[in-house]
Structures are given as C-alpha cells and as structure tokens.
Amino acid sequence: MLRAGPPSHTLLRLPLLQLLLLLLVQAVGRGLGRASPAGGPLEDVVIERYHIPRVCPREVQMGDFVRYHYNGTFEDGKKFDSSYDRHTLVAIVVGVGRLITGMDRGLMGMCVNERRRLIVPPHLGYGSIGVAGLIPPDATLYFDVVLLDVWNKEDTVQVSTLLRPPHCPRMVQDSDFVRYHYNGTLLDGTAFDTSYSKGGTYDTYVGSGWLIKGMDQGLLGMCPGERRKIVIPPFLAYGEKGYGTVIPSQASLVFHVLLIDVHNPKDTVQLETLELPPGCVRRAVAGDFMRYHYNGSLMDGTLFDSSYSRNHTYNTYVGQGYIIPGMDQGLQGSCMGERRRITIPPHLAYGENGTGDKIPGSAVLIFDVHVIDFHNPADPVEIKTLSRPLETCNETAKLGDFVHYHYNCSLLDGTRLFSSHDYGAPQEATLGAHKVIEGLDTGLQGMCVGERRQLVVPPHLAHGESGARGVPGSAVLLFEVELVSREDGLPTGYLFVWHEDPPAHLFEHMDLNKDGEVPVEEFSTFIKAQVSEGKGRLLPGQDPEKTIGDMFQNQDRNQDGKITAEELKLKSDEDQDRVHEEL
C-alpha cells in the first residue's frame, strides 16, 4: 500500500527540502483557482467540474481516505503519468501531506463518480525542481480525475431503509439465522456480487463471525420483507486485502438487501388467533383427526401451497407424526371454526434441506389455518336436546320402531348438505334396520314425538373416510332433528302381527268362498280387513302390497298359487317347530 512503501507515482510529495521550498509559496483559498493579475502565473489550482453526479451523499474532506483514477499531462497534452496504465487505483488519505498540495486541494469537496479537470501550477506541484527524467522544473500539471470511493476512519455502517412492511412480526438480533437477497456494489456502482444470479438466498447466522462486521451490524433490526441500503467502510468489510479480483483493497461496499426471513434456533412455534368462534366447548388434542383448510407462505409472503386450490381440506391425525412437528404442535388447542396463524421455524418444518422446489432450505413457514372440524375415533354421537314436550312424552323411540322425522344436515362450518324440508315430507326409517347412518339411528333413539335434538355425528358413525354424494370424506356431521311420529316396530323377521290372539280356525276365516283353498286375492282381502279393523298390523315403512305378497309366498309352500289348510302356519308356530327341531 502507498502508506507503507516509497512513492510509486508522481502525485506523492517530494523530499523534505523540496517540501519546505514549496511551502514558502503563499497558498490561496480553495476554489476554482484564479490567475495572477495581468495574465501572470496561476496562484491556485484551477478546478473544472465537468461531470457531477445527480446525488452526492458526501464530499471529500480533510483526513478522508479516497480511491481515484487519474491521467496526468503537461500543457501540450503529453502524458507523464496515469493510474489507468498501472491498472491500480490511487488509495490515499487527503490533506495530510501524502499528496502534492495541488492534488490535495483539487480533491476537496469531490463526490463519488464526479470527474474533474485540475490545473496545478508549479508551486503547488513539483516546483522549480521537478522530478528528474519525468517532470521538468516549473511545470504546470493537468490532471483528469474520477473519484471512486471516499471514507473516513471515524465512519460507521450507514443504513438506509428503502421499504419497511407495515407489519413486522420480529426484528433481526444477534445469533439469529437469516435468509436474504442482496446486490453488492462498490461505492461507484460497480457490481461485484449478487445472490439473485445464484438461484437462492444467502443464508447465514448474524453476529457469529460468519459475515463481515459491517453486514453483521447492518442486518440488525431488519424485518422480514424489509429492503435496506447498507454502506460499509472498508475497515468493517475486507480492508486492505480486498477480496479476490472483485473487491479492491480499501474499498467501501454498498449492499442493497431484501430480508426474506429470520429465525433463531431457539424459536418455538408462534400462534396467532385470527378468529375464534363463540362457544368453543372442545379443543383439539393429540390423537384427534382434523379437517382443515390452509394457505402456506414463506415469511416474505410467497405462497407455496394452499388446500383451497385443490378444493379439498387437508385431513390428518394431530400429534401423531403424520405432519411436520410445528404443524402438529400448532393445531393442538384449536377450536372448530377457528382461524389461526401458525409460524413455524425451519427446525420444526423442513430444516436445512427444504422440500420440493417451493420451500427452500432453512425457510420459516407461515400457515393461515381454518379448522373445519375434528373428532376422535373413540367419539360417540353427541346429543343435545333443544326442546322436549314433557307433558306428552310417555313413550320414546326404540330399536325396531318406525319413525317419521324432519332433519337439517350440515357440516360443522355451516355448509348446508341436506334437509327433509326440501322434499316436502318427513323422512321415515325403521330404527336399527341399517337404513340410515349409525349415528343418526342412535341419535333418534329415546326421542319423544315432538322432541327436537341436535346431533354431532363423527365420521366413523356417518359416511367414513370415503364420504358420500355431497359429503366430504371424514366429515363430522351436524343434524337438527324433530321426531314427527313413531310406530312400534315388529319383531325381527315378522311381516304382520296380531294385536290379540289370532282367530280360531284361521283357515276357515281366510277361505272366503269356502272352496278349501286360498288364492292370493282372498289372502290379500283377509289381511287388509284385519288391519282396517285394528286386529293386526303390517310391518311399518314397507309397501303393503309387497308385504302381503311376501306373506303369501311364505305360506304357499309348494308355490302352486294357493294356500291349503295344511300349508297355513303362523310364524310363531314355525319358530317353535324350529326350536324343537334344533333340540
């Protein structure tokens, strides 16, 4: 470096004797310079600022360290020196006697990227002595200078916030791990590096010695999504050594930084409740099966996945290791219908490797979750009585009963599925006959006519994992039911029962024309008469004609289209005979 060795170019000061001679010349004030009266020799440096940058954040002052290029010529245009020819910038402190006086004065007030033409009179250059073999005595010197860098040993890191998001969940602190994009330039705008060309962010710890000191300082306090301009003096960057061929010695560095995300290895899952429905009577625990919608994004807002785009909830067990640990933790304690934001550090998500092409390594993940429903495989039907006519509730529905009921069915998020009111008539069912889902069958039992209930039916007592037409798989169903009517059912296997003992000589009563045989017409007429007279009843909920036809087929043993006295036998007698045979 220039401070350590002998002079390497003509701008450096002469030996002490020559210096003392030059200092005898009275210096004139700094400025554009002026000639002596009557066209005599120049009294001061003449400065022509022929290119001034539009923005000048700082000007060269006494004691600043500068880096610049120059061409030096005589009045006739003959070149005597050039930093360009040496492919080396001048890097030196201004105003402390390291440069000829004319150059010291000519650099004062200069901006980075400014270009100046300087005319240095002999007494502010190399005087009457000159430089043997290079600069003759009393030579006026002409310099074309471009300033590329300026800094001072008192400088600190300069941070300018270009964009700061309105919501800042956390700021960078020492020991945090950050992911950021950057463009790196020298102070004159020369680019030396960028993360954007490398297909990924720059990922590192802050304050742990992994970065240059100035970047460690410049990142502190940043928010995810914030953009900063960070100007770093060389003694907080790469100093005298520079870096390879891209960062010269003693170069100030400028970084334009976009912080993508930040976390700390000690971070846990962060929860934020966005919407909590009233009346949360149950919260999810490990072992529950949950259906939820989500939007998944990186900390800078980049969306990487969404269940909404698939028009299907994400269905899984909670706390069983089927999903990333952070989501397993974040879903527990949630209510049905709740909306919450779950922020998951990478060590509880996909770690250093990331996954696929949308989640990079060491990425913090943010999930906005809407819990649709959850249940436990051991859940029974939840029954809540809404209204019950106590004064008329003498009998309740039981297995085998034939019932009429109205119902509304929806998902727990309020999505309407079915309603008996859409059909203009109550639904009918025989309890225990497996004609309705098990949970609804269970929920109807024990109801009085006129009673209203709310039933919460878990999927294993409804339509299971596969769902049904209009019903998603693994969906918990919500029913509001009202029992309209009920009839006692018949014993299993019976199509008709007598209210009292059957008539004696049953065949004679059935043989209406007394011809010794009963065709289907006579049989049907007889059974219908028993029902209309209240002496017996058919299996409820079935087509009477079909039921009577089945009864006739059972009695017509030889299938000849008529029943004889020998063929006719009551079911109770058949059951008794079967018991005897088994015995």
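FYI, residue positions are counted from 1 along the chain as it appears here.
Glycine too: its Cβ is placed from the backbone N, Cα and C atoms.
As annotated by Swiss-Prot, domain 'PPIase FKBP-type 1' applies to 63-151. If you take every residue in the domain 'PPIase FKBP-type 1' (63-151) and average the pLDDT, you get 96.
When Cβ atoms from all protein chains are considered, those within 10 Å of Asn71 (N-linked glycosylation site) total 17, not counting its own. Here Swiss-Prot flags Asn71 (among others) as N-linked glycosylation site, drawing on sequence analysis.
The N-linked glycosylation site annotation in Swiss-Prot covers Asn183 (among others), and the record cites sequence analysis as its basis. Sequence-distant contacts of Asn183 (N-linked glycosylation site), defined as residues of its own chain at least six apart whose C-beta falls under 8 angstroms from its C-beta, comprise Ala191, Asp193, Thr194, Ser195, Tyr196, Phe255, His256.
Per Swiss-Prot, the feature domain 'PPIase FKBP-type 3' maps to 287-375; the stated evidence is sequence analysis.
Around the Cβ of Asn295 (N-linked glycosylation site), the number of neighbouring Cβ atoms within 10 Å comes to 17. Under the heading N-linked glycosylation site, Swiss-Prot lists Asn295 (among others).
In terms of DSSP secondary structure, the domain 'PPIase FKBP-type 4' (400-487) contains 14 helix, 37 strand, 37 coil. Annotation comment: Swiss-Prot describes 400-487 as domain 'PPIase FKBP-type 4'.
According to Swiss-Prot, the feature domain 'EF-hand 1' maps to 498-533. For the domain 'EF-hand 1' (498-533), same-chain residues at least 6 beyond its ends with a Cβ under 8 Å from one of its own Cβ atoms are 544-545, 548-549, 551-552, 555, 561-565, 568, 570.
For 534-583, the entry in Swiss-Prot reads region 'Disordered'.
Per Swiss-Prot, Ca(2+) 2 binding site is recorded for Asp556, Asn558, Asp560, Lys562, Glu567. Taken residue by residue with DSSP, Asn558 (Ca(2+) 2 binding site) is part of neither helix nor strand, so it is coil. Sequence-distant neighbours of Asn558 (Ca(2+) 2 binding site) (same chain, 6+ apart, CB under 8 A from its CB) are Glu567.
According to Swiss-Prot, the motif 'Prevents secretion from ER' annotation covers 580-583, on the basis of sequence analysis.
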Rounded inter-Cα distance in Å - Asn71 (N-linked glycosylation site), Asp560 (Ca(2+) 2 binding site): 127
Lowest local Cβ density (other Cβ within 10 Å) among binding-site residues: Asp556, Asp560: Asp560
Spatially closest candidate among Asp556, Asp560, Lys562, the listed binding-site residues, to Asn295 (N-linked glycosylation site) (Cα to Cα): Asp556
Spatial neighbours, same chain, of Lys562 (Ca(2+) 2 binding site) - Cβ under 8 Å, 6+ residues apart: Glu517, Val518, Pro519, Val520, Asp556
Secondary structure content, the domain 'PPIase FKBP-type 1' (63-151) (per DSSP, counts of residues): 14 helix, 37 strand, 38 coil
